[in-house]
Amino acid sequence: MQTIIRVEKLAKTFNQHQALHAVDLNIHHGEMVALLGPSGSGKSTLLRHLSGLIVGDKKPECRVELLGCTVQQNGRLARDIRKSRANTGYIFQQFNLVNRLSVLENVLIGALGSTPFWRTCFSWFTREQKQRALQALTRVGMVHFAHQRVSTLSGGQQQRVAIARALMQQAKVILADEPIASLDPESARIVMDTLRDINQNDGITVVVTLHQVDYALRYCERIVALRQGHVFYDGSSQLFDNDRFDHLYRSINRVEENAKAA
């Protein structure tokens, strides 16, 4: 099975606090993987390293690869990082859309990496690009809102526009950082259904950070759980039982309660 993401001995320190401890991780083509863990466990930090949004500690053994290309090593981004980012769709918790633009214009932003610079200056997109953008919106059930300003949409609708933008980008990997954290249950279900549909029918590898364990169990075949910057569990979601859940979350809560009491 083809390895899409490879992480070797990744460590990250923020202000003398070790956020990640020598993390090793391999993610294969077509997987949908949930990154779980309490707040501060390092799951979002790990996800940001995968696309090179942040770099790890300056250690020769620290390395991140995506689609066979180096993203970062020894605390430095690869010179051809733009190539890796072009293949990676990143979905943020707060959508990261341009409110003053229409839904269609926001989706077309996904084509900037493959559009000549002079065209981007004037927002001159080809008919074929506009057609692909409409197809992406159809895929996520948002084509009827194509010419509506994105600021008028609900949170769940905006997140689906962000997914359409990743499709427009023709990303081979989608990294989603807490994509349903601020959504109501029905909107969260629709967003997760959309990600699973893209994963299963397009073969796009999806890595998603979640706080909601029930969604991870329902939508992802594999769970990678982090605890205080260490990989605590990496395996089938079917084997992530109550004992593991208790050790991952409740022991952390007890430590926090004891600290407050002290």
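Don't overthink the numbers, they just go from 1 along the chain as shown.
Quick reminder: no glycine exception, Cβ is built from N, Cα and C everywhere.
As given in Swiss-Prot:
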DOMAIN    5-253  domain 'ABC transporter'
BINDING   G37, P38, S39, G40, S41, G42, K43, S44  ATP binding site
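Everything Swiss-Prot records as a feature, shown here on the structure.
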| residue | record | CB count, 10 Å |
| --- | --- | --- |
| G37 | ATP binding site | 26 |
| P38 | ATP binding site | 19 |
| S39 | ATP binding site | 9 |
| G40 | ATP binding site | 16 |
| S41 | ATP binding site | 24 |
| G42 | ATP binding site | 24 |
| K43 | ATP binding site | 27 |
| S44 | ATP binding site | 18 |
May I have the list of same-chain residues other than G37, P38, S39, G40, S41, G42, K43, S44 whose Cβ is within 8 Å of the Cβ centroid of the recorded ATP site, in sequence order?
T45, L226
Quick one: mean pLDDT on the domain 'ABC transporter' (5-253)?
91
